[in-house]
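Annotated in Swiss-Prot:
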- 144-166: zinc finger (ZN_FING)
- 187-648: domain 'Trm1 methyltransferase' (DOMAIN)
- Arg220, Asp267, Asp317, Ala318: S-adenosyl-L-methionine binding site (BINDING)
- Cys448, Cys451, Cys473, Cys475: Zn(2+) binding site (BINDING)
- Lys545: SUMO2 cross-link (CROSSLNK)
- Ser572: phosphoserine (MOD_RES)
- Ser667: phosphoserine (MOD_RES)
Amino acid sequence: MENMAEEELLPLEKEEVEVAQVQVQVPSLASAPEEAKSKRHISIQRQLADLEKLAFVTEGNFDSTSSLNSDNLDAGNRQACPLCPKEKFRACNSHKLRRHLQNLHWKVSVEFEGYRMCICHLPCRPVKPNIIGEQISSKMGAHYHCIICSATITRRTDMLGHVRRHMNKGETKSSYIAASTAKPPKEILKEADTDVQVCPNYSIPQKTDSYFNPKMKLNRQLIFCTLAALAEERKPLECLDAFGATGIMGLQWAKHLGNAVKVTINDLNENSVTLIQENCYLNKLKVVVDSKEKEKSDDILEEGEKNIGNIKVTKMDANVLMHLRSFDFIHLDPFGTSVNYLDSAFRNIRNLGIVSVTSTDISSLYAKAQHVARRHYGCNIVRTEYYKELAARIVVAAVARAAARCNKGIEVLFAVALEHFVLVVVRVLRGPTSADETAKKIQYLIHCQWCEERIFQKDGNMVEENPYRQLPCNCHGSMPGKTAIELGPLWSSSLFNTGFLKRMLFESLHHGLDDIQTLIKTLIFESECTPQSQFSIHTPSNLNKQEENGVFIKTTDDTITDNYIAQGKRKSNEMITNLGKKQKTDVSTEHPPFYYNIHRHSIKGMNMPKLKKFLCYLSQAGFRVSRTHFDPMGVRTDAPLMQFKSILLKYSTPTYTGGQSESLVQSASEDTVTERVEMSVNDKAEASGCRRW
């Protein structure tokens, strides 16, 4: 009937109806009131081809997203821009029109959920009444049409902020019904035998609700090995992934550790929570909400399939959740700094539990935004050769202060600083005594700006008359002005626990995580401060021989810990004594703080030895030495900088001799070597005088 009525219209009347329709309604199965709202502006399109089609629509072939105007349909091959008036852009050839649409409309658009809000020059902004009451058109100008509330925004930056405010309020549904109701298919990624669905633009946090970063794979594997090592101490563990996003980390815990863990995945974003639940069903895991299993999980599984485990998914603020419930393991991975969640994490964490903190605000931690580091962490830092370890000690100091405020101490299990993140994992020790011992390990660092020698300040509250005396170098006496700077406060104790790292290595071998085994081995060498040649990997058949070294998990101390947790009582005197003995042993074998970069301290006009040979030379000289994961060319050693340079010069060959033998260079006297080292230090100081911090 509608087609017959349309055919009865005269051609002139039909053309007038088409001109009056500025926006064409989208055909849908919705009711009539909903169809009245299903209108969107023609400047909002999915692809550039859809925008180009608007200018090439012929009569009788109207697209649902077209806006037809009599000016757009010119005779011949000339076409007018559908988003510009005739006065602004005259009709032109098709290739010029395509270039115009691409450069002046599509490239300056604002993207939201697969749609592009292109810039519009049509007189579609609301008119303004004057004093008399007559309506006058506003000044012709470019503007955007909001995809959510249909508002018109002039500037692109204002449009971005406008859409961002909608997202912060949770208003992500458009006020119209899209032309194609089918959503773009979600991509399925696989990592560690775990499948996850990800949204489009999943690697760009500004363009998606559920952020998934493939570059954080090492971080997720380190956290998994940490939890697997903790699961051997006591079972079951209450685990929390406070910022789930796609839920990949919690899914790996539940899928590979099974009944040893009770996983809770939390996220504040509703879309992320929905995606986490879908990923749970994808991996055959039941979703538990308020201690009740969702009936949907049983319907999705096919015949013969069984659920692997249960996961509790919550939607609330991470601080609120950590105040309401107690956990054995908490992982914090917010977008940016994590200092806003540390107090809540230590509020209800159980004794001997583990808190892992991932910080991605590397611009402030790596001394690129020093004012932000002062604001977030309350410390003063500068860019040094050991800036990555400096960042790790800054985060540990913030964690230690948060734990001390809750009458808890910490034991650092390991700290990793890589290109994209800083990961710190600590064990929680309850009691004011542990809190006081932890607070004493937060100290200031004295850093020489000329030679980059460094040392932690001595304990005590008395003001020292000349703090430069604490530095091993004599730059203050030979250089003018103030040569040192005070950094911190920082964590001054050890960053690694050798026994726990060996247990993590065993778990990585057990679960087949080959990507992080090299990193964990480097951490073990670094914690013991020994060359790699002195380390050997033991097979599972030799685990009984390695019980005292921490590879085998069920030791005597672990049995005492299990009994204590089962009884739910305070620590016995025997356990406190064993803990004190263990701390004394750890202090005696504590690795030296910080490291030296061999390239940074190279001698001008000399060829350096290979790094492996140089480590052997330092070890033969009686110093503890190892490589470090913080810097591929870094050397962790307890040798002072003067001795470090002396040995480096001793085994370096001059460049001008054309390969002089090492025996001739080694025959130089110690006095001559020392003089040459001092001369090289002075030359570098004069050359770098213009780059003082």
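The backbone N, Cα and C atoms fix where each Cβ goes, and this holds for glycine too.
Ala318 (S-adenosyl-L-methionine binding site) has Cys448 as its nearest neighbour among the binding-site residues Cys448, Cys451, Cys473, Cys475, going by CA to CA distance.
The residues of the zinc finger (144-166), classed with DSSP into helix (H, G, I), strand (E, B) and coil, number 11 helix, 4 strand, 8 coil. DSSP assigns Arg220 (S-adenosyl-L-methionine binding site) to a helix. The binding-site residues in question are Ala318, Cys475, and the one with the fewest Cβ neighbours inside 10 Å is Cys475.
When the Cα atoms are compared, Cys451 (Zn(2+) binding site) and Asp317 (S-adenosyl-L-methionine binding site) turn out to be 47 Å apart. For the recorded site, Ala318 (S-adenosyl-L-methionine binding site), the DSSP three-state label reads helix. With a 10 A radius on its CB, Cys448 (Zn(2+) binding site) counts 21 other CB atoms from all the protein chains. DSSP classifies Cys475 (Zn(2+) binding site) as helix under the three-state reduction. The average pLDDT the prediction assigns to the domain 'Trm1 methyltransferase' (187-648) is 82. Cα of Asp267 (S-adenosyl-L-methionine binding site) to Cα of Cys448 (Zn(2+) binding site): a distance of 45 Å.
In sequence order, Leu268 make up the list of same-chain residues 6 or more apart from Asp317 (S-adenosyl-L-methionine binding site) whose Cβ falls under 8 Å from its Cβ.
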